[in-house]
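According to TrEMBL:
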type	residues	note
DOMAIN	66-142	domain 'Cobalamin synthesis G N-terminal'
DOMAIN	150-235	domain 'Cobalamin biosynthesis central region'
DOMAIN	238-363	domain 'CobE/GbiG C-terminal'
DOMAIN	376-586	domain 'Tetrapyrrole methylase'
Amino acid sequence: MHQLKLLKTFHPLTAIAVTPQAVKLLLPVAETLTGKLLLSESLAEELNLGGNPAVETYDHSLAMAIEERWSTHKALIFGLATGAVVRLIAPLLHDKQTDPAVVVVDAMGTSVISLLSGHQGGGDRLAEIVAEQLQGKAILTGGANGLGQIAVDCLGIPFGWRRGTGDWTAVSAALASQKPVAVQQTAGSTLWQGYLPPGHGFNFSGTEATAATLTITVQDNLPEHQGHPMAQWHPRLLWVGMGCVRGTDLALLEKALLEVLARENFSPLAIAGLASVHLKADEVGMQQLAQKYDLPFVTFSAKQLAAQSVPNPSAVVNQEVGTPSVAEAAALTATQVYGEGGKLIVEKVIVKQDQQAVTVAIAQGKREYIGKPGQLWLVGTGPGELSQISPAARTAIREADVLIGYGLYLDLIDPLRRPGQICETFPLTQERQRCQRAIELAQWGLTVAVLSSGDCGIYGMAGLVLEELEKVGWDGQTPGVEVFPGISAFQAAAARLGAPLMHDFCAISLSDLLTPREKILQRLTAAAQADFVTALYNPKSQKRTVLIEQAQAIFLQWRSTDTPVALVRSVYRRDETIVRTTLAEMLDFPIDMLTVVLIGNSNTYNYQDYLITPRGYYANA
Ligand code: SAH
């Protein structure tokens, strides 16, 4: 089975079922989410599920099986009574930073309750995804959700920000009770500010009296305010360059780092990563330091470092390593590679102890390090009605950090958008810029859904994005690309008409923006001659009116005047119109860019209100 990359967000994940009905409901959920289904050995035997790779069994107690998974799992989905779940997990609860997301599904799959770790653990989003799959309803009771608001404690997750100290509960509570919260952002992307839902409660100007403060900063300096709760996010902008005498241990490296950070009031949570020279790639202390703080450890060649101009070059170092600077140059280089450039904000500090010595320097990047590979999801949103979007595409739309598409398509999927989701619209003519923007954001580390109406691979954005990726030398891996098919206009139109595409068919776009006219005419002739049922996309615009006339003339050379033709406009949208006509008369009716034109083959006929192209079997019988 094809496993959606996007749904690995909640790994490791286990769904738990204790009845055959719950197994029926949750096995497909576990499979799509690339997780496991846990059930008792006897139930697995009864249902003959022993060989299923997604199935895990427990032989004694369910409570023990849950306990074993509690600290390692990101998500647990229970198919049993909420009360039973509460009793099972009560002894295991620790805190909302580490407890897994817990979701409970009722026996029919109609209600999907986000029970635990709804915000930071992502339980609310998981509940929405599961509800989406089961066509049920997600029950979310967290403060921000009820109001269609974003949660302060989730705000920075897409940008890889780290949650710092503060009274998160009180700041969240202030927003949930619709009290204004001051935002002081001195670092990190401000992209999020442009897409806040109405009535969001954030105050950026500092003019109003506020009930709490959220700071977004690389510093760690919550001022004390009696009765005024504060919390801080830390965008990862700081690249720490380090050099050391071979064998310097973790203790001294850490001491040096923390001393430098403390001196400048920088939060360790604002560190993007550690950087050094290739020679140090195997330096055990540095590796341990990176691991301890959950940071990448990147190294550069001496030549690369030597090219940087730094305030404190050293002739001795140059002689030993081949670059006059390690710490300063590595910090700067890292900002150039990962942070869109930057500047040195802490010059080299040397910390010595016995035979050991460390140099530390810090550079601040222009753009924060997200720390996860971005994704590009190329999503077909179908003809227009929400029910005609595939569940996988709906999930992609809901999960993406950023949506990119034409205004009209974004409006059509509006109910699927999450509060606070970044949505960038572009005018119809700027496809290329749109692709480049999507790629840029995904290369940075965001999950970007590029939306096309119908199918994204049929006169849509999928090809354009892949072509642009090729131009920038994409390695095929990062950002990850996934295509989500959609119902194309010709399929949607055909469904409204009956069965006109029942035999060989083709689609031809009459837009000559990207295709030479000659080629279009040639294909029209070939399709007409070969008796294909033909769907004409982009049939006529205000400027381009001749091609549809030429198309009609070409088809009339090969097909009879009474060949059935359907003009289907805005199919599955509120203003849908369908005109059933003939090849001879088709131009007597309005045709525009929201219309798809279906021309029958020589056997296509009308019966009642239905258009039928014979499948062909009867003729042979
Ligand atoms: N990717 C889209 C096609 C985009 S090209 C798809 O797979 O459907 C744009 C053309 O598609 C329009 O000019 C029109 O011919 C057709 N089209 C798209 N949506 C339509 C709709 N809802 N009703 C009728 N035609 C539609």
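Note: Cβ is positioned from N, Cα and C throughout, glycine not excepted.
Heads up, TrEMBL stuff is auto-annotated, nobody curated it.
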Residue counts for the domain 'CobE/GbiG C-terminal' (238-363) under DSSP, helix then strand then coil, are 54 helix, 39 strand, 33 coil
Confidence over the domain 'Cobalamin biosynthesis central region' (150-235), expressed as mean pLDDT on the 0 to 100 scale, is 90
Secondary structure of the domain 'Cobalamin synthesis G N-terminal' (66-142) by DSSP, residue by residue, totals 28 helix, 19 strand, 30 coil
